[in-house]
Ligand SMILES: Nc1ncnc2c1ncn2[C@@H]1O[C@H](COP(=O)(O)OP(=O)(O)OP(=O)(O)O)[C@@H](O)[C@H]1O
Ligand SMILES: Nc1ncnc2c1ncn2[C@@H]1O[C@H](COP(=O)(O)OP(=O)(O)OP(=O)(O)O)[C@@H](O)[C@H]1O
Ligand SMILES: Cc1ncc(C[n+]2csc(CCO)c2C)c(N)n1
Ligand SMILES: [Mg+2]
Ligand SMILES: [Mg+2]
C-alpha cells in the first residue's frame, strides 16, 4: 500500500523533474565543454588545429579591445536584416497562406532567393549598394525563406474547427488571421525565427567579406584568416554564435511557453481539404508564370539599378552567352562538366542532410537533454563561416567526399531539424495518448502518431533542406575540392567572366527549383492521401 | 410564418465524395423556422444534421437549393452578429482562457468586451464554470469544455441560435438544469433556435417542433408539433402527452 | 473479489494546479473491480471520471495511492495488450482510414493485422460503419467517429475494457443497440469493464454495479448494486426495480 | 576639391600603406582631390567597382584585367602599377621546401581558384607538367600549410612567411615572377571613360600616391605603427606583420622610373607571360602617358 503524500509535495517533485531536465541540459553543455577542452589540450584533433575553449577564451581576452566595434557592426547589419527580412517574410507568408495562388506564382522567386549562392550575390550587392545595405540585404535574404515557409506552414496547420468558429461569426480572412491563424502559427513562426537568427548573423558576416566597411566580425575574420591562428578564428566564430545563440534561446523560450497552449486539446478531425480541381491549363499557366517571374524580376532589377551590361547579364544576355557566342560551346562544356561533378554529391548530401535532421528531430523528442546539449554545436555550424572552418575540416576529413558531405549536411540540416522538431512538438497530447494507452513506448508513439501527424512539417522541412544541398556542395567545392559548380563560380569571378557567374547562379537555382518541385509533388500525393493540407 | 426573420432552408441538397464513395448527406431538404421559433432536429447518427447546420452558418455551400437566415445569406447573417452557435465539438481555442473563449464572438464581431462584462460572468455561472474563468481548455474536463462552448454561443445574445448537441457530454442533472436555463434564455431573447439533439425528451421539453430526419440519403421524414405551453417545467417529463410524443418521435426515428 | 485479475484502485488522489487554482480532481478514491465485472461510473461533469480512467491507463500518475490492473502497474498492463479503451473524445488519427484507426492498437501491440481481418469487418458492421472503412475521420459525422473509437477499443479483444462515455454522441436507438451489443460482447469475452456514462438507464442496463461520484473534491459517494440477471433485454427499461434504481442513482447524484 | 573614389583590392594592410600616408599627410588634398577610400575584401571584384561607377580607380590583378579587355572588350586601361613584380609566390615550409616549379611535382599546392591560371602559366613557362601537381583551392588561411595538409600555397610572399614564422616554422618561397610569370600586380586601372573625363584627377592621384609611397618606403618601419589605431585598427592583423609586409614589398614596388611606372620592357614581359596562357595582351591596354605627366 502506497503512502499518502500531500499534493503540494508532488508539485515540488514535478518541478524538481523539470529542474532535473534543465540541469541535465546544462550538464551536457558542461560535458561537451570539458570534452572539447580535453581534445584541445591534448591536441587530439588535426594536430591541435582545434583549439581548446580555454585557449579561445584566453585569446579573446587578449583581443578584447578589437571586438566591440566588430560585434556592434555585425549586430547592426544582422539585426536590421533580421527585422526587415522577417517582417517581409511574415507578411509574405500570410499573403501566401491566405491566397494560395500567390504562393504558387511566387514560388520561383522564393526558391531562387533561398538557393542563390551568397558568393555570387554578395559581389553584386557590394557594387550595387554601399555601407550597411549589402549586409542588411544578405541577412534579410537569409531570414526570408525560412520564416516565410514557417509562417505558411503554421497558418496552414491551424485547427479547422477553430477557423470554423471564427467563420461562423462572420469573420473572414482578416479576422480569421488575427484570432485563429496567426496565434496558432506563432510557435511555427518562432521556429522560423530561430533558424533566421543564425542566418542573419551569417548573412551579415558574408556580406562583410565584400569589404567597404572597416568593421564587422566578417571583416575581422578575413583579416585574421591569414594569421594561421585558429584560436582567433574560433573566438570570432563563437562571438557570432553567441549573438545568434542568444536570439535562438529567446525564441526557444517563448516557443516552449506557447507551444503547450497552441496545440489542439482533442485530436482534430476536420474534413480533408477538398481535392483541388486539377486543371491542366491552370497548373501549366501558374507553373509558367512562377518560372518566368524570377527572370522578369531579375531583368527589372537590373533595369532599375542600371547595373552595367558587362556585369549584369540580363536573361537575354545570358542566352546569348550560353548559346549564341563563339565561346558558347566551351562555356556549355564547362558547365556540363561542373554539373556532372556537383550533382551526384548533391543527391547524397541531400539524403544524408535530411536523414541527419530527421534523426535529430526524433532525438529531440526521445532524448531532449542530449539534443539541447547539442544545440550550441549546431549553432556553431550555422554561424561559423565555412571559410574559417574548412581548413580545420580539411585537416580532419581531407578533401574527399566525406568533407563535401560534412559541409553539405552542415548547410542543410539545421532549418529542417528545427522545423521537424517543432512539428513533433505540436502533436496534440490526446493523439499521443492513444498508443500510450496501449503501452506504446516513445518510439512507437513517434512512429504511429507523432511522425504521421507532423508530416506537413516534415515536408516543409524537406522543402527547406533540398535547395540548400546544392549550395552546400558548391561551397565545399569552392573551398576545398576545386571541382564542380562551386569552383567554376569562384574561378569565373577571377576571370571577370560574368556570363559564367550568372550561368552558374541560374543553373544552381534551376536545379534547386527542380528539387523543390519534386518535393512538392511528393508532398501533395502523400498529404492529400492522408487528408492533410499540402503545400500549394 | 415569417421567412424574413427566421431560418429558411429551401430544397437543399449536399453530397460528399469521400474516399471513392458518394454520400448524399442532404437530399432536397426544406425547412422553415419562423422568427422566434424553437426547432429541435433529431435523427440517426450521420443523417446530415451537422451538415445542415454548417450550411445554415455559411461554413459550407449546398450543391443545390438555398439557405436564408433572416432573409440574408448565411454569411451575411453571420457577419451581422445575429447568429450564435455551439458546435458538436467544443472547438475552443487552446490558448484562450475560458473567459476569453466565451468572449471570442465579440472580438470577431468587433464589439466592445467591456459592455459584456456582466453578461460573461452570468454565463460562466450559468454553465457552472465559476472559478474556472482563467482556466485553459486543456485544463477542463470534456463536459466543462462543452459548457464553455454553450456560454460562447449565448454571449452575443443572438437572434438566431444554432446548437449542435450542446448537452451531449453533460450528466443528466446538469442537462436538465441547462434545458431549463436554455428555455428561460430563449423566452427572454425570443431567439429563433435550431437545436440538434439525440435526447427525445430534451427535444420535446424545449422545442415547438421536432423535426425528425432519416439517413441515406439525409432527409426530413416527419415534423412533429409540440403543444405544451411555456414555461415548461420538469414535471412535464411525467405528462402523458409527453410520453405519447416520445413514442411518436421514437417511432418516426425508427422509420415508421 | 479477485484483485489479481481486475482493477484495483487504492486510496488514489490526484490534484491539478491550473492557472493559480488547485483542483482536487480525485480525493482518496478506492475502487475494486473484480475480474469479469462490469462497473459503471457516473457522476457530474468534472468530478474526475476521466482522470480516474487516465490513471488506470497509466497516462497519468496519482499524487498518492496506487492503481493495479490485473495485479500489474497500469503501464505494464497496457503493454501486455490486456486493456482496451475508448476515450471521451474519439481521438481518431485524422490521417488513418476508419479501418486503419480501428487497427491502431494492433499496430501498437505489434500484432499481425491479418489475424484480425474478420474481427475488424465484424466490428465495423457492429458499429454500423460498413461502407465507410476507407473514409477518413474528417469525412465522418461526430457520432460515426465515436463509433469508430468504440470499434477500436474492442479490436484487441481486451480482458479489461475502459469506456469513457462511448455512446455520448449517438442517437437513442443506436445507443440502445450498442448497449445490447456491448452486453453481448462483454458476456462472451468476460472482460472486466469500467464504463463512464451519463446515462443512468444505460448504467443500470449494463452494469453489475453503479459507482456514483461527487465532485469538489472528486470522490465516490455511493456504490449501488444492480441485481438483474443476464442477458438483460430492453424490456428491462420498463421494469419497476429498474425505475427504483434509476431514482436511487439520481438521488445519489443529487447528493442525497 | 574634386571628389575621387578609390577602391582598394584588399582589406587594410601594409599593401596600401602608401595611400594611407598620402591621405593622412594631405597629399591628395594638396592635389585638389577629395579622396574617398574603400577597403576591399574577398568579395570585392575591383574591376566591377569601376564598371559600376562606384569607384574611379582601382587596383587589380593584371591577368584578370587584361583577360577581360582582350576577351570581352572590357573598357579598362592600366595606367600604372603598384608592384613591378607580382608579390604572389609559392610558399612552403622550410622543412618541406619547394624552391622551384619542378619541386612541385607530386605535391599538393593550394591556390585561390582565381589564380590557378597564373600558376598554370608559370608551370608552362618552366616546362612543368600541370597534371603532375595536385592543385586545391586556397582561401587565405595558411593553417593547412602549417599543419602539412598541403605542401605549398600560392599567397603573397610579402605576408605569409611572417605568419609561418609566427607559428614557429620557417618558410621558403619563390615568386612566380622569378620563374617567368613576369607580371605586375595591383595594377592601377581605370575605365576608358574615366581616363577621358578625369585625366587631371588621375594624374593628381598618381602624383599624390607616389609621394605617399615614397614617404613610406623611406623607412618602412615608421608608418605601420602610426596607423595602429587608425588604418590598421581592428583588422585582426598585427603591426609586426605589417612591418614585415612593408619591408618585404619595398623591393617589389620601387622602380627606376618612379613608383607606379611601367617600363616598356616590363610591359613587354607582361604581354609575353600572359601570352603563355593564351591571354592576348596588347601594348595599348597600358597607358603610360599619365605617368609622364606626374
Ligand atoms: N467533409 C465531408 N466529407 C465527406 N463526407 C462527409 C463530410 N461531412 C459529412 N460527411 C458525411 O455526411 C454525412 C452526414 O454527416 P453529419 O455530420 O451531417 O451527420 P450528423 O447528422 O451530424 O451525425 P451525428 O449525429 O453523428 O453527428 C455522414 O455520412 C458523413 O460521413
Ligand atoms: N490537465 C489538467 N490540468 C488541470 N486541471 C485538470 C486537468 N485535467 C483535469 N483537470 C480538472 O480535473 C477535474 C476532473 O476532470 P475530469 O476530466 O476527470 O472530469 P470528468 O469527470 O471526466 O468530467 P466530464 O464528465 O465533464 O468529462 C476538472 O475540474 C478539471 O478541470
Ligand atoms: C596582403 C594580402 N593581400 C591580398 C590578399 C588576397 N589575395 C591573396 S592571393 C590574391 C589574388 C591575387 O591578388 C588575393 C586577392 C592576401 N591574402 N593578402
Ligand atoms: Mg453531427
Ligand atoms: Mg470526462
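Cβ atoms are placed via backbone N, Cα and C, with glycine included.
As the structure is a computational prediction, the values presented were derived from the model and not from experiment.
Here is what TrEMBL records for this protein:
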type: TRANSMEM; residues: A:29-50; note: transmembrane segment
type: TRANSMEM; residues: A:70-99; note: transmembrane segment
type: DOMAIN; residues: A:71-255; note: domain 'ABC transmembrane type-1'
type: TRANSMEM; residues: A:111-130; note: transmembrane segment
type: TRANSMEM; residues: A:136-155; note: transmembrane segment
type: TRANSMEM; residues: A:234-260; note: transmembrane segment
type: TRANSMEM; residues: A:280-304; note: transmembrane segment
type: TRANSMEM; residues: A:316-336; note: transmembrane segment
type: DOMAIN; residues: A:335-519; note: domain 'ABC transmembrane type-1'
type: TRANSMEM; residues: A:348-370; note: transmembrane segment
type: TRANSMEM; residues: A:377-397; note: transmembrane segment
type: TRANSMEM; residues: A:403-425; note: transmembrane segment
type: TRANSMEM; residues: A:446-466; note: transmembrane segment
type: TRANSMEM; residues: A:500-522; note: transmembrane segment
Ranking A:29-50, A:70-99, A:280-304, A:377-397 by the number of C-beta pairs under 8 Å to the transmembrane segment (A:234-260), which range is first? A:377-397
For the transmembrane segment (A:136-155) and the transmembrane segment (A:446-466), does the number of C-beta pairs under 8 Å, pairs 6 or more apart in sequence, reach 3 or more? yes
Quick check: do the transmembrane segment (A:377-397) and the transmembrane segment (A:29-50) share at least 3 Cβ pairs under 8 Å, counting only pairs 6+ apart in sequence? yes
Between the stretches A:29-50, A:70-99, A:446-466, A:500-522, which one has more Cβ pairs under 8 Å with the transmembrane segment (A:316-336) than any other? A:500-522
Tertiary contacts of the transmembrane segment (A:70-99), as residues 6+ beyond its ends and Cβ separation under 8 Å: 106, 132, 135-152, 154-156, 173, 177, 181-182, 189, 192-193, 196-197, 200-201, 203-205, 207-208, 213, 215-220, 236, 239-240, 243, 247, 536
